[in-house]
């Protein structure tokens, strides 16, 4: 996904294309392949890249192209500024090579005074030579040695002819003339070799510039005439002034070129010998400085080639300075020198040259061919002077070299860089694939809550509401836009439009967010301790001793049936306080124990020392471990003789509860709730555990807590027990409790004393709720009662619709199976109790009694007395009313007698469960089994008119009776099952024949009786079944 950072500046697309030297389509295609489609915004000239990551990936991908583009720009900039720089470099080279040039000029003047003006160097021909020389360095270095031996240049021949005979006063010399003769000889030989190499440049280069013909002609003429004349003639010809010589006509130059070509072959050997003989003397005379004739020749060249006047002017300036400067000798070092230019003195970037089109080069060559012959002669002479008799590199070679360089750059990415790029591309591709799969999956999945409306579902799938309603209407369902749909209907609509449904938890749009407290505002609070354990293990007795009150006496059956919350200040422990929650131990109160574990800080697990770890004990351990609540074990009833604390610790270890005596971290104490032994030690360990936990709360804020219990009391209305977890609850505070709301009209503590406020970890009985919230609901103080009422009404609406949809329904296949097996029985119940926790516990326990044949259907449950409306509902639904700790009103009692509705009331919860179990067992069809009564053997058969076949039998075992069923077995195979139609003994009808007697009998609708058949008599017995859950 494209992300625009603050520091990144958007890049125009055309700028990026120019920077990377790639096409715009290529950039767009690459971004789409790499998954950066959103990184490109706009179109046309306004197209730009807004994602920094995409821009960096582009630069890395096309780094080679960008490098090539940068180099081309650099070459172009150098070409634009190259004129003066090249002139300066050329001038320096001329000064350094002044000594060999002076010798060459002397020999030429002696041989051919008329062509003295041709010794000058026009700038037009010199432009390409300095620039192209580095580019052609490798080629010239490789071919120079061989070519130098084969074809010595004309300059060398002229130098050889004039080196020995030129007078010393004709040209000034520098201080290099005083060097030793040996050093001069060596330098002269090196210069001669270099001149030979420079003279043998490829002919193609000279042809490209159109100057090679003139060079070869002049060089050949000079060499031939130098060999033909003797030393005296050369000496007398040397001092002739070149200034007075007129310019040689172009026609004569061409003629000389043709004749020189013929004489070149015969003169090559003579040139080699002359070069060897005169090389030492040439060094001695070499340091001659350029004469005034060179300056005049420059002026002439400038007039002949006005297009290159700027370069000529720079050259004139260099020549004028050359009259006073002295050139120093240096030793040429082989192939590092091309022509008269030292490549070591040039910077690497100077070798780069602007890439020119081939068409442009061709046009330039054609233009040069059309130039004036005199202009060509000037270029030829100037290049001869510049290049030492050899042609410089032309534009085609520069172009070829540049092409090769660019190709190397394009293919020059390292293997590691390519591997990195492939890995990055593969990683991007995998990430894009994962994103596409996630997007594809999310596009076809609808996350909806149960019972969404038709309009909401239509918005989720992106279809008009009318189309969804039409789809349901075609399926036989008439719905409205605001009607809430059940799960099956939602799945049907989603399937019609090609979606899958994923049901999520109901998102309460009216959820109340509780602000986090500042750590500086938190203060220590009392721990909330829940007492848990099995039935009759002494939980309430232990709590009673701590509270110094007899709570058990008020509990029916001696068991706790409510969750009691008590706030106790311990006088023996520096007035520290503990909030106790006493949970029931009966199995029906599993939900209460689970909620108690979630609302508590520490769990006291009470285990009787004379008993062992029981099922409810294991359940309490699981609740505490699931809630991640620390446990403190209280081994109770240590005052009894049969108490065995070690046995209890060992059994707790089996349940993954390791006490400190067994190397664990769970504290334990041996106590007796009857005598009080060990109670203080137990409380000390509880307080120590709370100090380790560092329990804190903020009392200076609006209260929030959890509902511990709710009930309906006469004269008080709905009473809820709230455990405040944070803040302070005061009288008059508006609150929200689950799906109900209200305002605190009054508050009482556990001893029923009225209080005005309660702080953290303190329980309170709150009056003023408009209903009975469920146990475990969140209790939150709101800003106003109206706000709380609005949120509660929205919650009630959702809850009401969900309850209507969640009514138990029997599917069609279940109905078919039950009809095949027999009648399906269902017991309808209406449950009323004094508190909400008891209603929930009793309902959950009864619903567990459901089997395939019988089931419990709770059609209504509530808190409070049994009313007349409950009786009428039971009459209409053929239900039984169960009351737990409540009684019917007078009107309800009369209505039940009139409508013949059964009302049963209980004070102990397990008594109600047992009665319902018995009622369900009565609805079960009895179990049928077969009981064998006797066996008889057929010894004879005879036919009786109007009766049929009669068998004479002997009873071997048991009895044979008239009302019994009979089974005929022949050769071990059952042939027939039926009933006995008649039974006689000595022509008298009898009802039963005992074992050891004979009788005659006939089987109803069966006459195929044979001697030896065995008859078995039996009866079907029905037995009542027990309910197995």
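Glycine too: its Cβ is placed from the backbone N, Cα and C atoms.
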Listed range which Swiss-Prot flags as region 'G2', given the options 548-552, 553-557, 558-562
558-562
Match it up for me: which of 636-639, 640-643, 644-647, 648-651 does Swiss-Prot list as region 'G4'?
636-639
Three states by DSSP: which one describes residue 533 (GTP binding site)?
strand
For residue 638 (GTP binding site), what is the secondary structure by DSSP, using just helix, strand and coil?
coil
Local confidence of the region 'G3' (582-585) - pLDDT mean
63
For residue 539 (GTP binding site), the number of other Cβ atoms found within 10 Å of its own Cβ
28
Name the residues of the same chain, 6+ apart in sequence, whose Cβ is under 8 Å from the Cβ of residue 638 (GTP binding site)?
609, 645, 670, 671, 672, 677, 678
Reduced to three DSSP states, the compositional bias 'Basic residues' (417-427) has 11 helix, 0 strand, 0 coil
